[in-house]
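Step one of this worksheet: look at the structure below.
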């Protein structure tokens, strides 16, 4: 067929989600760690004499990816990919963060051989801690039940301690204005009423006014405060389970979606048939070990150039999710979560419901991640892939009445979707990567789940005489104002690694009546034009996309079309362009200062992956995207990375209760002078096209 096909290697990271590779094929350099490898890594770390302290808990187990030039040589260095694979062997290593003896230990582990071995060890001595483990949270959640002050607080509210459950909340970092607790790994805990017979919506029934401080290494409550008693919201009307809200149900059941052609999975390789005459798309899995799925080695097959495989994206993934709440009160001020760095995303991946989360006939993938004991844990059906035709149009035109008569040409749009859902406490994030036949990549995040709610004594808005920092969404319940900032790391390689960031600024002009070509003046008084600006340094690569109209492009200055335009891809934001409104000197903003701009461009650096830093829990902002960019490195004609933040200011409304309908934000990178013409012009028309005399079933 005459249209390009986006060919990608899809790789998955987690805390850690690792898609299991088949034993029947050799490793791709970005393949995930297998269950066998995770087991070997655990054994090597536990056997190492470098850290004798016990117990030892695993917080991060991930692939220590080979150097980028080596991976590119492996993937693109020879015309015959199979020959390349057999001729080149890259190191197979893992990076591990583990806690023992009150310290964070970093290991590099060689897993190329049958028996893994520790290559290096270091102790992290800077600020911040690795993300929480399940072991941390489960052990902490058990502490309140035997803590007398808590038992008394529950009794004061007319509850029994057996009716209450508590959860671990990161406490953030607030400098000298927050107790230091000797630099300990400290969290806070708050509680809710848990009665699943009454409601599954435990977040709707907070035990307001009570906050505990827990030392995770000592596993002890070291601080406690019961400031005031608030009415516990009732359970009635809060449940969202089908058997509790109906029948009767309204409207017809939603159809399971439309899937075309299908996707085949053989071992660790996935391919999809895109239609007669088109190339397949291939996928390899990678496990990076920290946060979430990674898309790697995306390229397009340019059929007008003889099927040439042209590079677009080296790696793309969610780097961080920053969620600050807007209540400065004692029980709420610290609700400023960096979800990926503090809790991890991969290990929180939800099992997808077939026919609901994904359409019929989608392909599903299982995964493995390392538990806190280092053993592999299997997660089933956490990724789905499907082709989607939702009635969208790839291109069309109707010719008006004229010499040729009236006729229309229409081509349907079919896309490939890769989906993962992560549930971080009360919120569910649906993470989609959509590959379009035009060569564009659309990345969407969709939010649903349950609001974080605050108990209050008001039952009607007419009673309110103060700033409640949220919306009264039902009796005695405030949905607290908050933000969602989802930051993506997109290492674009447009036709190669040496790229530049271009701002095509759209500038209004006044028509002076002077005609450069000597034509007569016209009555037109204004117009706009484009001023081409090349970003030289990182400072010039920071953009607030709401400030002034511009097309933002990533181009390869050494590659041009036949008529001389630089080949490139442009960035297209799709809604959700909010940026942080917190003061620059506020502690949460210092930790996530990169949320002041939606766009940052940095030179590629293998160690710069996580926008909030490797040790985000209680981080100080000294190791994050904004801190790295202060070096103001060159980004012109370099290997550069786009960081883009999808931002939402969330003012809750009653429709968000008891469970929130999905809202979405997205970005798209789309070919811009990358092809010589519309690459879909030779796409086969539908079988019922009145203007086609070709054989639809034959090859193009």
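Yeah, the Cβs are placed from backbone N, Cα and C, and that goes for glycine too.
What TrEMBL says about a protein is an automatic prediction, not a curated fact.
Per DSSP, the secondary structure of the domain 'Copper amine oxidase N2-terminal' (28-113) breaks down as 29 helix, 23 strand, 34 coil. Feature annotation from TrEMBL assigns domain 'Copper amine oxidase N2-terminal' to 28-113.
The annotation domain 'Copper amine oxidase catalytic' is assigned in TrEMBL to 296-680.
TrEMBL lists 339 with the feature active site, proton acceptor.
Around the Cβ of residue 427 (2',4',5'-topaquinone), the same chain contributes 323, 447, 448, 449, 450, 484, each under 8 angstroms and 6 or more positions distant in sequence. Annotation comment: TrEMBL describes 427 as 2',4',5'-topaquinone.
According to TrEMBL, the feature active site, schiff-base intermediate with substrate maps to 427.
Per-residue pLDDT, averaged over the domain 'Copper amine oxidase catalytic' (296-680), rounds to 95. Residue 339 (active site, proton acceptor) counts 26 other C-beta atoms within 10 Å of its own C-beta, drawing on all protein chains shown.
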